[in-house]
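Just below is one structure, and these are the notes that go with it.
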């Protein structure tokens, strides 16, 4: 069976390749074959011409199988016009959809705002007034803080009191006047001395009312009072007198501030001396601490 099938398959292929001899063709068959050959040649020539025209980019008529393609071009133009109109319609529909979405969002916002107005508590004071009040409170608080800081920075002005002291310098009476704070020790001591001297000055006025038999006692009492008054005068040394004269000269000439500024400078003798004193004192404290630390068990 297999040999038979293979033989049949070979015979079928031979049948396809089989070409009859010329004597077997009729005249009709020959004419049909000639026509088919002519049609095939025309189609090939038309294809080559179409390719050349496409390469030259000439918008001419395309022919295929001997027929013009104008109808196909018109159909393509109609299709392109239809596609453009479809695109325009789609864009218009999109715009309409966007507008509808915007309108829907606006409606939703309005509904939400009305819901909040109905449900939420109504604020009696508008936000602008609240902001203004907050700013005013902040300004008042800052101004109060500034005032308190200024009050702390400014020391309380103390009252000044003029004190007059009497000194004895080489048998001469020297009076010194100073301006001192009312709460200072000098002012308090000066007031105490004045209070003590007032009753002593009133004693001589009461002496004439004493009886005449006490004349010796009267003279002794007067001498004692005068001696006490004279003994109260403090003696002034030469250094104190020179210092007093220098202070009075500075006040008369008005050079006290200039001298103070000069002495505070880097080249001032007083400033240098004070610096050296501070250094010595600090060195002494360090050495003392070291000694104490070594002495401890």
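If you go along the chain as it appears here, the first residue is 1 and each next one adds 1.
Using the three backbone atoms N, Cα and C, a Cβ is placed for every residue, glycine included.
As recorded in Swiss-Prot:
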| type | residues | note |
| --- | --- | --- |
| REGION | 1-154 | region 'Disordered' |
| COMPBIAS | 1-18 | compositional bias 'Acidic residues' |
| COMPBIAS | 25-43 | compositional bias 'Acidic residues' |
| COMPBIAS | 48-65 | compositional bias 'Basic residues' |
| COMPBIAS | 69-78 | compositional bias 'Acidic residues' |
| MOD_RES | 80 | phosphoserine |
| MOD_RES | 83 | phosphoserine |
| MOD_RES | 84 | phosphoserine |
| COMPBIAS | 93-110 | compositional bias 'Basic and acidic residues' |
| MOD_RES | 114 | phosphoserine |
| REGION | 176-215 | region 'Hydrophilic' |
| REGION | 190-221 | region 'Disordered' |
| COMPBIAS | 190-199 | compositional bias 'Basic and acidic residues' |
| MOD_RES | 214 | phosphoserine |
| MOD_RES | 217 | N6-methyllysine |
| MOD_RES | 248 | phosphoserine |
### Query
Per DSSP, how many helix, strand and coil residues does the compositional bias 'Basic and acidic residues' (93-110) have?
18 helix, 0 strand, 0 coil
### Query
10 Å Cβ neighbour count around residue 114 (phosphoserine)?
10
### Mapped DSSP class for residue 114 (phosphoserine), helix or strand or coil
helix
### Message
Quick check for the class: what is the C-alpha distance, in angstrom and rounded, between residue 114 (phosphoserine) and residue 248 (phosphoserine)?
### Response
88
